[in-house]
Amino acid sequence: MKVSVVITLAVLGVMFVWASAAELEERGSDQRDSPAWIKSMERIFQSEERECTKFLGGCSEDSECCPHLGCKDVLYYCAWDGTFGK
């Protein structure tokens, strides 16, 4: 009885190690492919240029902000400049 329990536990242990190794091999191939995917997505987002920086967006001067927004001097973000109109 004890021998059959030990054999069963040993077989389960071997199966667990085998399944874990297969999973790590799959996950490893995903990780090797992901940097190229991330770089391609980075290129896509960098190619899009916005016309102006929207409300609370980062800026360095007023001309970067959308109409009726100005660049704040302290934290350098676009905020309403107090004007109305189209």
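Heads up, the Cβ atoms here are built off N, Cα and C, so glycines get one too.
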Cys78 - recorded disulfide partner, Swiss-Prot, among Cys52, Cys65: Cys65
Cys59 - recorded disulfide partner, Swiss-Prot, among Cys66, Cys71: Cys71
Nearest of the recorded positions (Cys59, Cys78, Phe84) to Cys66 (disulfide bond), judged by Cα-Cα distance: Cys78
Cβ neighbour count (within 10 Å, all chains shown) around Cys65 (disulfide bond): 23
CB within-chain contacts under 8 A for Cys78 (disulfide bond), separation at least 6: Thr53, Lys54, Phe55, Leu56, Gly57, Gly58, Cys59, Glu64, Cys65, Cys66, Leu69, Gly70, Cys71, Lys72
Assigned element (helix, strand, coil) containing Cys59 (disulfide bond), judged by DSSP: coil
